[in-house]
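Taking it in order: structure first as structure tokens, then the write-up.
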DNA sequence: TCATATT
């Protein structure tokens, strides 16, 4: 690509797993990289210094990255310099800290999802310790100690974590579970904040759609598209949609590379510490966009969207695609589904209104009996809205359908009695 | 009373 394409072939240390990148603030703008290097080398081994410069003017922005060959050396630099000395011309003492995402990377921290609620730390540890030494393990729990069905896990080395990730993610089913575990690299602090911001934003979204159903489906542009970094698929679900469509929906799945795990060139002169490779899929073929009179106030819908940036390097062994989520506003959460309905029946009931990408009725893991709720994803918000409009007041499987308003997700509802 | 979740 045009800019930033210079890689440093000479330095073999900067892509090393062991290397640690530190961010340094309060650096006088006139200082050179050589001067900085000389200064830090008094305290620790430093392989490289990169001044962070303005994209256009190339002037120093008053901060830099330094790369140390090991965590030990990095810690020496931090301990010796952070808040310890004020350089000439700086207003406050030097700031020396781990660069964004660095700590998470170094801790080899994994997120584990799709855990049965009754699984304990000990059981989880049993499973994962076959891949290496577990330094820390923690199942996330709610207020009454009830498991949230996910956990964090730290390994001693990256190799161990990666082995576990690749072997378990999307493949291993725990006792009594019908879905495989999800194993991903844990979010960085920054990703966490982004996630939280997105959540609160969608919850704060006022519900202004009220009177004009015809305008329903107009969505704000620039909403982060949904994305599942991982995938599983219920057996038979693929029958709902042609394969070629599945392939086309998520063209990005194949080329995901986590920005946190050093790939060659990931360091290059990087002045982009504010937005390191955010890798949203850009757009879906036939997604929202265009054809919409933006006349109505945007923000009428705020889809429940989970956006995952980190990659599952294995891609869950490629197989069989994933639970396909449609674009924002195209995913229906449906409850009070008649007990006898399965994925197929649910899809059948809803496929008249648009291209159904996926459908899923949740079932009790032990008994296999329907929990009477599920998801249907369309390829467009208008199809979803179409479904709501058409299903409203209809009868299906002896149940009356009713459309309800939820604050931030369009929903169709199978009412059992009223 | 509703869900594939991120310390």
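Cβ from N, Cα, C; glycine included.
Feature annotations, reproduced from TrEMBL:
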type	residues	note
DOMAIN	A:20-101	domain 'RRM'
DOMAIN	A:108-188	domain 'RRM'
REGION	A:190-210	region 'Disordered'
COMPBIAS	A:199-210	compositional bias 'Polar residues'
DOMAIN	A:330-402	domain 'RRM'
Let's see if you can do this one: DSSP helix, strand and coil counts over the domain 'RRM' (A:330-402), in that order.
22 helix, 28 strand, 23 coil
Over the span of the domain 'RRM' (A:108-188), count residues by DSSP class, listing helix, strand and coil in order.
22 helix, 28 strand, 31 coil
In DSSP terms, the domain 'RRM' (A:20-101) comprises 19 helix, 25 strand, 38 coil
